[in-house]
Amino acid sequence: MKLQFTKMHGAGNDFVVLDGIHQKLDLTTEQWRALASRHFGVGADQMLIVEKPTREDVDFRYRIFNADGSEVEHCGNGARCFVRFVTDKGMTDKRSVRVEVMNGVITLTLQDDGQVTVDMGAPELEPARVPFRPDGLPVRTQGEDIAYGLEINGRTAWISPVSMGNPHAVQVVDDVENFPVLQDGPLIEHHATFPNRVNAGFLQVVDRHTARLRVFERGAGETLACGTGACAAVVAGIRRGLLDSPVKVHTHGGDLNIAWDGGAEPVRMTGPATTVFEGTIDLAALPA
């Protein structure tokens, strides 16, 4: 079976985007992995699927598969590429669309300058809903934030659990470029306190409106940018009293602008969405 695809990226976080409305998509976990392979497939951090909605109050359904073949709840950078894709393909003439994801609905708006703003909804901070199981962990309060101590590589990592529709553990560090992200990231991702694994974010505060961020993504490893990770990091930074909205987040792949007014207000993310190329791939050519 041959599939039409579009290769896109949002601040360097790269995706294979597939139209699941006009072509049948029934891939195995192994096929998703092969499609994401940078040696044997197209290569991507995640695969994004456009589907018909399952409810009447939204325009599309948005599904995400990680490079390891697992389906996940959300991807913020992918959401920006999603609305660019459906607009460029003539699947909608709206500048703003409502999209269902695994755990809710998000609103995506294409701006006149080509940037995309995503209404990510309110952050979820209740540990059980992240989900996070902190029983027995040391606790430290800073501002409105409650951080929990994980023993990682012989050090205590003080993490703030935040869900942006997917789970994040945010750690504030002094020098993110020289921090051992590749060593600590997998240990946090697979820590027993996160039953569904977790995206590990490493946040450096530059000033009250500027931050640097690296994210070790669940099922993908470190990526050049992570939209939900940037949102979670800003939420944690604001709650700790270290940041004020709006915040420009510098990632290795580019800048994301994050705004949050606190409490139950939605987090708003603005950033780029770029089409790289289009193509056709024969699933029979992928390794089994």
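Every residue, even glycine, has its Cβ placed from backbone N, Cα and C.
Straight from Swiss-Prot, the features:
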type	residues	note
ACT_SITE	Cys75	active site, proton donor
ACT_SITE	Cys226	active site, proton acceptor
BINDING	Asn13, Gln46, Asn66, Gly76, Asn77, Asn166, Asn199, Glu217, Arg218, Gly227, Thr228	substrate binding site
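All features noted in Swiss-Prot, drawn onto the structure.
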| residue | record | DSSP (3 states) |
| --- | --- | --- |
| Asn13 | substrate binding site | strand |
| Asn66 | substrate binding site | strand |
| Cys75 | active site, proton donor | coil |
| Asn199 | substrate binding site | strand |
| Arg218 | substrate binding site | coil |
| Cys226 | active site, proton acceptor | coil |
Which residues, in sequence order, are found in the same chain with Cβ within 8 Å of the centroid defined by the Cβ atoms of Asn13, Gln46, Asn66, Gly76, Asn77, Asn166, Asn199, Glu217, Arg218, Gly227, Thr228 at the substrate site, excluding those residues themselves?
Asp45, Ile64, Val72, His74, Cys75, Gly78, Val215, Ala220, Thr223, Cys226, Gly229
Here the Cα-Cα span from Cys75 (active site, proton donor) to Arg218 (substrate binding site), rounded to a whole number of angstrom, reaches 11
What is the separation, in Å, between the Cα atoms of Asn66 (substrate binding site) and Cys226 (active site, proton acceptor)?
13
C-beta crowding around Asn77 (substrate binding site), within 10 angstroms:
36
Please give the greatest C-alpha separation between any two of the substrate-binding residues Asn13, Gln46, Asn66, Gly76, Asn77, Asn166, Asn199, Glu217, Arg218, Gly227, Thr228, in angstrom, as a whole number.
17
So how many other Cβ atoms are close to Asn66 (substrate binding site), meaning within 10 Å of its Cβ?
21
C-alpha of Cys226 (active site, proton acceptor) to C-alpha of Asn199 (substrate binding site): distance in Å?
9
Same-chain residues six or more away whose CB lies under 8 A from the CB of Asn199 (substrate binding site)?
Asn166, Pro167, His168, Ala169, Glu189, Val215, Phe216, Glu217, Arg218, Cys226, Thr228, Gly229, Ala232
